[in-house]
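This report concerns only the one structure given below.
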Amino acid sequence: MKCIAFNRRGTLLAAGCSDGSCVIWDFETRGIAKELRDKDCVAAITSVCWSKYGHRILVSSADKSLTLWDVVKEERIARTTLPQTPLQARLHPGSSTPSICLACPFSSAPMIVDMNTGNTTVLPVSISDTGNGVVPPSRNRFSDGSAPFSPTAACFNKYGDLVYVGNSKGELLIVDHKNVLICGIVPVPGNAVIKNMVFSRNGQYLLTNSNDRTIRIYENLLPLKGGLKFLEESNHAGDEQDGFEKLKAVGSRCLALFREFQDSITKVHWKAPCFSGDGEWVIGGSASKGEHKIYIWDKAGHLVKILEGPKEALIDLAWHPVHPIVVSVSLTGLVYIWAKDYTENWSAFAPDFKELEENEEYVEREDEFDLMPETEKVKESDVDEDEEIDIMGVEKDSAFSDSDMSQGEICFLPADPSPDVPEPQDKFVGSNSKQGDSNQSVSALSEEAGQSGRLTSHISTPLEAMDNSAAEDNGGTSSRRNRRASEVM
């Protein structure tokens with residue numbers, strides 16, 4: 001396995017494999033629920049992404065392809081090929097059955113891809129000082145005429161109306177992807193290349209991972225819904241400024257640096273950092289070869305824990321959306337599940353509970369189990385028994401407050417049992433012949449024993465004893481058995 005992704009509820013775990021397949025695990029039973037395999041794709045999977053309600057999965061591959069799958073039917077909905085290998089691809093988060101995705105190719109700018117039509121829209125990754133949103137021409141170009149780019153990170157915001165792009169100049173661009181227009185710019189301290197970007201589940205915080213070995217958290221100052229409309233109003237209101245400074249002013253009203261995380265001693269690079277399900281914790285894997293370390297910080301910036309695994313490099317990380325569980329992928333293709341090791345503490349259920357190391361004799365008090373008198377009974381609670389109780393309404397989970405209850409969400413998949421591989425028939429023939437030989441030898445011995453009037457104990461079996469008792473005497477034995485049975489009855 002090369003990359004992993006939880007569905008929205010954390011009940012299913014999708015893993016992209018090196019052979020081009022996508023395996024979906026039932027995280028409750030740890031069993032394989034589905035295996036999505038495309039005969040046209042044999043290259044390694046670079047990223048997997050669930051749709052909002054789990055009906056679809058987007059898979060990007062090293063053969064430059066993007067494949068959209070129907071999870072339940074195990075059918076390929078669409079497939080398109082990009083000019084460059086997509087390192088990461090994300091489905092539009094605002095739709096239940098999305099066909100629009102954001103792809104981050106290896107050596108070109110991020111692009112919006114329509115999986116239904118195959119059309120692509122390249123997003124801007126830099127801006128000239130004139131502020132017209134046009135990428136300045138580059139003198140150095142590849143042999144195919146394309147401009148050189150470092151791998152660029154990009155991600156949708158919570159509802160998908162804006163795209164946040166991190167470029168090699170150390171800038172965060174806020175892009176209106178429908179109009180292909182840069183709305184704001186946020187300079188990153190140090191101007192280091194941005195390698196990863198991810199929003200928290202609630203959309204309040206943006207995480208960036210830069211080449212300067214620092215993870216930064218930005219607070220999203222835009223409203224969660226209608227962020228694009230708010231930006232358009234801000235641009236119209238700030239006409240006194242122009243060009244680059246205007247975009248920086250707009251960017252300062254969109255994002256504010258909240259926290260920075262780094263290892264000041266080892267100065268390690270970070271791999272696949274992300275938020276916890278509730279956004280209160282941040283994790284990052286060490287990018288050093290030969291070590292599998294996971295760093296956990298609280299949102300205040302304190303290093304809380306370092307998880308050390310086997311001597312295998314870490315390539316991907318995911319935090320369970322609901323539970324305190326971390327899943328990591330090693331360079332060898334194995335997936336490791338990290339969880340809290342709970343110890344049983346029965347005193348938490350009863351304050352007066354006392355744990356005993358060995359049995360003790362207990363002498364009960366004389367009135368310990370007597371009925372309580374009427375005066376000591378607990379007062380009845382003032383509950384209105386005539387009040388109608390709503391048994392049809394469903395309370396919304398705070399972790400999924402934006403759920404559309406009318407939309408059917410896929411949480412579990414029926415397991416498809418694999419057929420058993422039939423064993424070679426030669427084994428059965430050999431065993432039958434051996435069984436026949438043994439039956440013949442046993443019957444021959446039984447005849448000899450019948451002639452001698454006894455049966456040796458080392459060859460007797462229940463079935464054999466029944467056959468011998470029936471063949472021993474047709475009259476006397478059966479009548480004797482019947483008589484004994486009647487006496488017992």
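Placement of Cβ uses the backbone N, Cα and C atoms for every residue, glycine included.
Unlike curated entries, TrEMBL annotations are predicted automatically.
Computed from a predicted structure; not experimentally measured.
TrEMBL has this to say about the protein:
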- 430-444: compositional bias 'Polar residues' (COMPBIAS)
- 397-489: region 'Disordered' (REGION)
- 1-35: repeat 'WD' (REPEAT)
- 45-79: repeat 'WD' (REPEAT)
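Tertiary neighbourhood of the repeat 'WD' (45-79): same-chain residues 2-9, 12, 14-18, 20-22, 24, 34, 36, 38, 85-91, 93-99, 101, 103, 113, 115-116, 118, 407-411, 413, selected by CB-CB distance under 8 Å and a gap of 6+ residues from either end.
With a threshold of 8 Å between CB atoms, the same-chain residues lying at least 6 positions outside the repeat 'WD' (1-35) that come near it are 41-50, 52-54, 57, 59, 61, 63, 69, 71, 74, 277, 315-316, 318, 320-323, 325, 327, 329, 333-335, 400, 409-416. Model confidence over the repeat 'WD' (1-35) is summarised by a mean pLDDT of 94.
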